[in-house]
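Undergrad: First, the structure itself, so that you have it in front of you.
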Amino acid sequence: MSWLLSTMCLVHVCGNIFCLFETTTNPEAYMKVSKIVNHWGYTSEEYEAVTEDGYILPLNRIPHGKNNINSTAPKKVVLCQHGLFSTAGVWVSNPPSNSLAFILADAGFDVWMGNSRGSTWAKKHLYLDPNSKEFWAFSFDEMIKYDLPATINFILKKTGQKQIYYIGHSQGALIALGAFSTNQKLAEKIKLCFLLAPIATLKHVEGIVSLLPYFYPTAFKVVFSEKEFLSAVAFSKLHGYSCNAKVINDGCVAIFLSMTGYVPQHLNKSRVDVYIRHSLAGTSVQTLLHYRQAIKKGVFEAYDWGSQSLNMLHYNQTTPPLYNVEDMKIPTAMWSGGKDSLADTKDVAHLVPKISNLIYHKITADFSHLDFTVGKNAYYVSNDILKLLDKSETENLH
């Protein structure tokens, strides 16, 4: 057990180790999402959606591309939702030619980027202190039940649209599967659902995350507290110091890829500081324990409160209810990778037959988990998405 604790602790605090070295960084590593958008010459807007349980979620918007600034025609709306540990910044972490949000904006779409509770920019609440245990008492259940509905409904109200397109990566795919299968009114507001590196069941997960089942929840809470895990405060020090020095940079890359799938040739090492800033942004310990549960049990279900009596209190049954993915009827397109250690090919194969209205599924043999968002070849996926969006409008796929 000691070596497992050591490994997880290394990931948790290594940002403090790298702060001993100095180097230059990419300017975007210091920027909020809106500033990155402006940095590349695009118009940026910021909003806040308030969830039913009081969390304040930032929304970043690119209302138009560089070449359609003066267009008055109503634009189709796309919501991009980030994955585990990430922020909305993951969609703009590369230059415009290889960042999905910029590509969509230049193609004429009104692009919105959501931020899940507990990530770097989403640590505000109407009345809870972000330093309190109460603020961090959430898992992906609350993202499914509260975050996604609040985000989508805000966008619809602001744009006047009745439906939007949804793109979710990793956890962004998971909360879509959960929300759109349990909330049919919300599902009706989605034209087409795009899932990148989708996770639901995690039985075959590999890498550092696969160690989670070896931790008892009580011990995990003692070691990492009951608040935030993988704080961006620690990891963001990487973007201000040593991740461009060759030896240390290689260490950064190794840690970065150890959680997602090791295909280093797909990663632009000169931008690792930006990726770490926006792709290692923290979450709650309870969320991580929920993933531990999913890995250990191999099912997509609500959070297990640890006893039959507590489950009965929360769910009116002694065991956590399952998320029945089959109940999601939205036309869905999926992309998965053969080198993905989180969305393993065996888990994806288990998920595929449960997608009731799967219109497209592409497996890229050499893609890892993050290749779909920040990889050098991410534009291949962007091109596929644009083709399906065009087909959706012309052939009425939804």
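Numbers here mean position along the shown chain, with the first residue as 1.
Cβ from N, Cα, C; glycine included.
As the structure is a computational prediction, the values presented were derived from the model and not from experiment.
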Undergrad: For the set ASN70, ASN268, say which residue Swiss-Prot annotates with N-linked glycosylation site.
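TA: Per Swiss-Prot, the residue annotated as N-linked glycosylation site is ASN268.
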Undergrad: Output, ordered by sequence, the same-chain residues six or more apart from ASN268 (N-linked glycosylation site) with a CB under 8 Å from its CB, or 'none'.
TA: ASN94, VAL374, LYS376
Undergrad: Return only the integer: C-alpha distance in Å from SER170 (active site, nucleophile) to HIS369 (active site, charge relay system).
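TA: On Cα coordinates alone, these residues lie 8 Å apart.
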